[in-house]
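K.L.:
What follows is a structure written as structure tokens; I'll ask about it next.
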């Protein structure tokens with residue numbers, strides 16, 4: 001029986017209609033809606049969907065030319081595997097943005113622009129099941145595509161995609177949002193409309209993403225003029241590391257027996273050469289070449305209006 005797939009709920013075993021993330025390699029993951037009669041073609045050959053149905057999440061499956069893993073979709077995995085229509089926000093940015101927005105189940109969040117829907121999925125899964133995301137973009141192709149993805153992923157009940165220029169026409173809702181996120185070229189033009197969309201009774205948060213400081217400076221001035229307080233800008237510099245084991249050797253040992261690696265020998269108290277088991281673990285930057293700047297996040301608070 002075909003069921004409606006969902007990012008929010010799942011059974012122990014994969015059913016027809018579920019969205020799965022096929023882990024091929026570290027740099028290649030393929031999102032797939034499981035349907036009988038379909039075949040997935042990839043680096044490790046072909047994998048028929050019939051072999052996926054009934055398997056447990058996370059299980060390793062054999063394709064015609066190698067092995068793959070079938071993973072349950074999450075916002076992070078979707079970010080790493082989604083079809084890119086624009087430059088996207090990655091997990092490090094998404095996590096910080098959700099924290100700065102104070103997003104939680106039941107929150108009403110406005111977003112602009114939608115783009116490829118990376119942050120949109122993260123927000124939708126955070127505010128579900130009782131909250132709502134209103135995402136805005138000026139490109140109808142992008143909004144319609146992300147709306148299709150929301151429907152496929154079972155998120156349509158907590159999302160609304162709107163074709164709208166928030167810099168000139170404002171947001172889809174007014175006096176009801178708990179948080180607003182801006183990823184637009186001229187955020188200072190949208191900030192007065194963002195203030196109108198935030199609930200006057202509860203107040204709310206505003207977060208703006210900008211790649212350069214000139215945009216940040218103008219956005220900060222606009223936030224202050226619109227009544228926002230506690231205006232602050234942070235920069236995210238993500239860095240990946242890995243743990244490696246290194247062999248420790250004194251200068252005296254090196255002068256006496258030379259490099260102990262790979263022989264791994266040293267002299268004990270009696271002067272005998274024995275296996276050197278003294279090692280130390282340390283964290284190193286890996287891979288060695290990494291992007292060091294994604295952008296600046298400017299966040300502020302709009303206090304509730306006391307009557």
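Glycine too: its Cβ is placed from the backbone N, Cα and C atoms.
Nobody curates TrEMBL annotations by hand; they come from automatic prediction.
A quick note: this is a predicted structure, and the numbers were derived from the prediction, not measured.
I grabbed these lines from TrEMBL:
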type	residues	note
BINDING	116, 117, 118, 119, 137, 183	S-adenosyl-L-methionine binding site
K.L.:
In the same chain, outside 116, 117, 118, 119, 137, 183, whose C-beta lies within 8 angstroms of the Cβ mean position for the S-adenosyl-L-methionine site?
P.N.:
86, 88, 89, 111, 113, 114, 115, 120, 135, 146
K.L.:
Among the binding-site residues 116, 137, which residue has its Cβ surrounded by the fewest other Cβ atoms within 10 Å?
P.N.:
116
K.L.:
What number of additional C-beta atoms lies within 10 angstroms of the C-beta atom of residue 183 (S-adenosyl-L-methionine binding site)?
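P.N.:
Step by step: centre on the Cβ of residue 183 (S-adenosyl-L-methionine binding site), count other Cβ atoms within 10 Å, giving 23.
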K.L.:
At a 10 Å cut-off from the C-beta of residue 119 (S-adenosyl-L-methionine binding site), count the other C-beta atoms across all protein chains.
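P.N.:
I get 27 for this one.
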K.L.:
Looking at the binding-site residues 117, 118, which sits with the largest number of other Cβ atoms within 10 Å of its Cβ?
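P.N.:
When each Cβ's neighbours within 10 Å are tallied, 117 leads.
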K.L.:
Over all pairs within 116, 117, 118, 119, 137, 183, the annotated S-adenosyl-L-methionine binders, what is the largest Cα to Cα distance, rounded to whole Å?
P.N.:
14
